[in-house]
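Feature list (source: Swiss-Prot):
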type	residues	note
BINDING	GLU176, ASP218	Mg(2+) 1 binding site
BINDING	ASP218, ASP220	Mg(2+) 2 binding site
COMPBIAS	280-290	compositional bias 'Polar residues'
COMPBIAS	291-300	compositional bias 'Basic and acidic residues'
DOMAIN	170-256	domain 'Toprim'
REGION	280-311	region 'Disordered'
Amino acid sequence: MYEQDTTKYRIHLVVQADGVVDRSDVVGAIFGQIEGLLGSELELRELQRQGKLGRIDVKIQSKLGKSYGEITIPTSVDRAETAILAASMETINRVGPCVSEIHVQSIEDVRITKRTQIIERAKALLLEFEEPGIDPDSLIDAVRESQRIEKIATIGVDNVPAGPNVLASDAIIVVEGRADVINLLRAGIKNAVAVEGTSIPKTIIDLCRKKTTTAFFDGDRGGDLILRELLEVTDVDFVAYPTRGESVEDLSRKEIIKALRNKVPVEYVLEDRVAEYLASQKSEQQTSSIREPEPERGSEPARYQQPAPASDAVISCECTEEIPDAVSEEESVTEYQAYLPDEEEDNRPRTVFTHIREVKNRGTARFIGVGGEMKNELPAGEVEEKLGALEQGLEGIVIDQEINQQLLDQFSMHGIRYLAAPSFTGIVRLPATIRLIPFR
């Protein structure tokens, strides 16, 4: 009896027959046409009796009157005898009643495959064995981290991952996966719930209809598709965007707070007017900062309060909640201050919309450097001809011209981070590193 553990080599062959044949026809052709061809030492039946030839495995299927398949023959004879057996298979020219061809695809050395598996497993075991212990300096952080992450739970019949305050809160943040919920918990945000895939669970659909909802997905095509499906099946109030190309699970605490603070009402997303909304918010902030009266001398300055819409519960009710035994008083103060207007915040979006106002309806293209300064300005019609001469290190491009797929691909080769234009048509491949900003 042949033992599988004694296999040294496997002969892989492909067979093609001009007609419909079965597995039994292929096996019969092998034994019938090889019999007496190689001498008594390599007689197939004798090799099987001695345990040197394994079971001949045949997988065959028929299509349009022809049969195609694969043959695997395990052997435990030496290399030369295995090569002779493989070559003899190519002499078979009939299978059953049909003309056929058999070709050797490869001869696999099973021992090499086993050695490779041994090496890979040994590497994994070595990494586990040599895993370093916890740094004493990070013990406190590790304990705090575990307390936050342990609070993640599952809710509903779909068992979707969620923060501990999702059911009690009047506002929720919908993210992509469990890792995103954990990252928001690290930032002190406890009202996040994950969709876990492109199919929106019924639990989340019902929650979105009852609560103020902010969608917060990855800045890639996958996140865009999930957002589109979420908007089709339920009610969403706001959309928050991370930096284009970045995942929510990789964001720092400051980046998460900034993205949620700059959330956009869903009406502007549906009408593709995100840029217009951000520009209007900027002008309102500037106006309010000019009109705000100075407090009287000797009086205590008023505590900052955000506007009263229900959407504030997404941030103010959940993010500023003190985490027992996990967040110190100093961290709570820092967390509150994160929601105040940040005068030193990155001013790139403001610079972008300034350039948009200056380029709009002028038929020009403006190339923006990393610091927001204008590097060059050309007529929009000449941009495609002079793309090759553009200097590297550009932050973005603002152009008063319709953008198609060909022009977008050329711009992406220069490493820009954003592209502002009146419209984008025929875009089927969106580069992950570029954020498109439409304006009218």
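The chain as shown is numbered from 1 upward.
Cβ coordinates come from backbone N, Cα and C, glycine included.
Residue counts for the domain 'Toprim' (170-256) under DSSP, helix first, then strand, then coil, are 38 helix, 16 strand, 33 coil. Fewest Cβ neighbours within 10 Å among the binding-site residues GLU176, ASP218, ASP220: this applies to ASP220. Mean pLDDT for the domain 'Toprim' (170-256) in the predicted structure: 89. Cα-Cα distance from ASP220 (Mg(2+) 2 binding site) to GLU176 (Mg(2+) 1 binding site): 12 Å (rounded to the nearest whole number).
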